[in-house]
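Per TrEMBL, the features are as follows:
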- Cys234-Cys249: disulfide bond (DISULFID)
- 221-267: domain 'P-type' (DOMAIN)
- 1-36: signal peptide (SIGNAL)
Amino acid sequence: MPTSTKDIRPSLRFLPRMAQLLSLLAALVVASVALGADPVADSAAVVLAGHARFTVLTAQVIRMEWSLTNSFRDRATMVVTNRRLAVPSFHVDHDDDGWLTITTSHLALHYDPRSATSFGDGNLRVTVLSVGHNSATWIPSYSDNDTSRLTGTIRTLDMTNGSVNLDCHAGGPDYIADSHCTYGVGSKRGYVVLDDSLSYELSNASYPWLVPKGSAPSPGHACAIIPPNERRICGANIASEDECVAVGCCFDDANPLPHGFVCYYSPQSSQDLYFFGHGRRFKDALREFTAIAGPVPLPPRYAFGVFYSRWWAYSDVEVEGLAADYASRHIPLDTIVLDMDWHLTFYKNHTLDQAQQPKGWTGLTWNKELFPSPKSFLQHLHAEGLRVTLNLHPASGVQPWEESYAAVATAMGIDPATKRYVPFDLTNQTFASAWLTLSLRPHEVNGVDFWWLDWQQGEDWFVAHDQARASLSPTLWLNHVFFTNPYHWPQSKTRPLLLHRFGGLGSHRYPVGFSGDVEASWASLAFQPAFTASAANVGFGYWSHDLGGFLHGSDPELYTRWIQWGVFSPIFRTHSMKDVHADRRIWKFPDPFYGIMHEFMTLRRQLVPYIYTAARETFTSGVGLLHALYLEWPDLEAAYDHSDQYLFGSAYLVAPIVAPLNQSTQTATRHVWVPPGLWFDETFGALYSGPAKYTAQFTLGEMPRFLRAGSIVPLDGSDSGSSLGAAQRLPALLRLLVVAGVPFGSGVVYEDGGDSDAYTTNNEYAFTVFNYRMDVPNLGVITIEPVAGFFPTMPTARSYEVVVRHVRPPMSVAVNGKLLGNDGSAVDHWHYEASTLSLHVQLQTPRDVTHRVLIGLVFSNATEVPLNNVAGLFTRLQRAKSLLDDAYVLQDDVPALVHAAQTPRRIEFNVSSFAYELQQLPTLVQASRDQVQALAITSALKAQVHALLTVPTVTRDDVTMVA
């Protein structure tokens with residue numbers, strides 16, 4: 001048996017995991033190249049057939065166009081921006097009946113090129129060759145009645161309390177028009193068809209703008225020849241006859257389609273469809289969707305830190321004091337959000353402005369009473385490491401009292417002396433240029449980092465103001481203009497960021513989302529995890545929510561749970577209404593709430609390296625940082641049934657607590673589906689093999705989360721320095737959380753400058769790979785590979801802390817062949833933390849990042865003892881003792897509990913007792929339960945202690961496969 005890590009030889013079993021990492025790293029380079037989008041497909045991918053044009057974009061995606069005049073589109077649209085992909089292998093054949101067949105490795109498309117009518121059941125069908133163990137065939141009439149399609153997302157959750165409808169067609173055309181409701185790009189059926197027929201095109205200019213739409217041919221009397229069962233929705237948001245006929249479709253409100261749709265394709269309608277035939281390989285579908293619709297940009301690093309927002313009339317002094325309050329308490333803070341009181345508001349005026357909006361709701365001019373020197377104020381916050389965003393409600397355009405009025409009015413041909421306001425019309429490029437440069441750019445020059453576009457702009461407003469354009473989502477267009485603003489981002493040389501609402505397919509290119517003002521309730525909290533995961537099905541993976549709820553709410557338990565969920569959500573942003581009782585500053589709450597929230601917000605800071613790495617993977621793959629279980633296990637029905645839990649990056653399975661505590665036990669019972677694989681329960685310290693059904697009781701300070709065994713999670717281990725702006729800083733000490741349990745494990749950390757586009761334009765980024773192997777008894781090797789890549793601010797040396805969870809104490813630890821001490825006297829040392837069953841290897845001496853670090857572990861041949869739930873019991877025994885101490889229970893009355901609670905300390909003083917102490921623990925815990933039950937204390941306290949000393953129940957799940 002080997003006695004040294006030198007005896008471990010390379011193993012072929014390690015190669016697949018390394019191959020996966022190499023594939024990931026190669027994909028990073030590919031994604032950078034893919035940003036050079038070209039809307040014109042390679043001619044080798046194009047097949048012309050009668051009035052149809054087919055473009056084989058991938059083996060699983062075929063573009064299908066039909067035009068009576070053979071006029072096909074080659075410009076980018078608001079949804080699809082890139083069609084020049086590597087041409088896949090495919091074959092074109094004609095049968096004896098004249099039908100055309102295009103066959104790829106995954107699809108078989110059949111079309112009758114002799115057809116003189118637009119796509120319909122009689123001339124087009126596509127077969128997906130593999131859906132589970134079967135095949136599936138699509139015909140056009142199937143498009144509107146797919147009950148198996150994944151949900152997507154909607155524009156906003158404004159004014160909601162709990163769940164909302166995500167079944168778009170069930171809401172009808174009016175609902176879709178105002179909500180921009182969009183289905184996901186996958187279906188259990190194995191295929192979806194994205195209809196891009198009515199999308200606006202974009203010009204090929206360096207700053208792409210809308211291309212005016214030509215008129216479509218009138219359907220005339222041809223509508224009558226389409227059988228009712230073959231009618232297909234044309235423009236799901238179209239509810240008027242004028243709009244319908246203008247785009248060349250048929251209108252029939254006397255005999256509407258199901259759910260009230262009144263506009264359907266005519267036999268002459270031009271069509272532009274994208275067939276996605278990925279079976280249930282939903283991650284492939286997202287990857288190829290973002291290949292043609294544009295990648296999900298990587299937000300600035302600071303965006304993954306902590307936002308503070310509140311609708312409040314703060315002054316500059318108060319905001320600066322707020323930042324100091326965060327710093328003095330060592331609470332992370334990265335971005336200050338100023339709601340509308342930064343500008344002139346006229347609250348007491350109670351009149352409408354010239355745009356018929358409440359006067360002061362729109363504002364472009366600082367309130368100099370509150371901010372006498374905005375530039376100095378912004379400079380101060382920047383010096384503290386903070387970023388700043390300002391709220392905008394742009395509906396009123398530019399009113400006469402605004403500082404920029406005269407300049408914008410003149411640019412728009414309005415005499416400023418008339419005091420006639422400048423209407424807001426961002427589809428007018430002249431207005432857009434004037435407004436962006438004259439009204440907004442001065443604020444950006446003074447230090448505003450990005451904008452919060454806070455406007456409930458469904459299509460209703462634009463219809464009311466005669467600015468509606470058929471099939472143009474106003475929300476999506478506003479987001480496009482702001483995110484691609486040529487007068488802001490190139491000048492500031494910073495990475496674009498925007499807080500906004502969802503505008504339909506294509507919105508994923510403009511992160512991040514602002515979900516709107518929800519009621520502070522358990523129902524609102526419970527809906528947000530599933531809502532966020534569903535949005536990732538259209539690539540919109542960066543919803544930020546009003547943590548704590550916007551409307552009302554001062555329940556400390558609810559807020560604590562909301563903070564916990566926020567830590568494991570894409571964007572952490574608290575917010576609340578102008579109500580003194582809806583204060584979201586965590587120090588306004590007593591312990592234990594404050595302490596728990598502080599702990600979790602600190603965890604958010606520590607998670608930034610992991611989150612940022614996962615966000616880079618989203619840029620590469622299109623799969624959201626937070627995504628649903630069925631993206632990973634699409635053939636298991638249970639993955640669809642448990643929408644209240646999700647994956648957070650590649651390592652974490654998270655199941656937030658979204659219901660109040662049981663008042664008797666002071667715990668919340670949580671049922672979790674553990675997916676296939678081996679998972680580490682962070683709360684109780686246990687490894688579980690899935691698929692399994694898991695039930696446990698969690699205290700207020702606990703949140704169910706599991707780590708995939710074999711993961712190495714990079715964390716920010718730097719505890720010194722200011723808590724302000726910490727997310728943007730690269731950690732001087734990188735903490736690696738190693739989750740053992742399987743023979744081989746790996747991880748990676750991605751880093752770049754954090755706030756520029758150089759990661760795409762100049763390939764300025766770096767990654768560091770970590771791996772471990774514990775395939776030889778009593779030996780382990782952890783490797784930190786040399787950094788690969790470069791960016792100008794990359795650290796040249798770094799300290800490390802390696803934390804190995806769920807292991808027994810080692811006999812020795814060596815780094816690059818040199819033994820480390822474990823007495824803590826040296827800068828570099830190791831120690832064993834018995835309370836968490838964790839080995840800590842402290843490498844405080846900065847090490848050259850271009851050199852490999854090899855950590856060797858040697859364990860004894862001691863008797864193996866079960867480790868599951870031990871760490872969790874250690875924590876809970878201490879908690880139980882504290883509860884009994886508070887009730888004046890004497891230690892002589894619960895000697896077993898006192899002895900059990902001190903077990904970790906005895907182990908740390910005498911590591912050789914490890915096996916013996918753990919063998920005694922089950923007996924001690926049972927004796928503790930018995931002794932507590934015999935006490936003359938309240939039944940509620942007994943129930944609390946009993947719940948604390950109860951470990952999870954886990955049973956094997958007999959999974960049901962998707963049919």
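Using the three backbone atoms N, Cα and C, a Cβ is placed for every residue, glycine included.
Under DSSP, Cys234 (disulfide bond) is assigned to coil, being neither helix nor strand in the three-state scheme.
A 10 Å cutoff on Cβ-Cβ distances gives Cys249 (disulfide bond) a total of 27 other Cβ atoms nearby, all chains included. Cβ neighbour count for Cys234 (disulfide bond): 26 (other Cβ atoms within 10 Å of its Cβ, all protein chains included). Cys249 (disulfide bond) falls within a strand segment according to DSSP.
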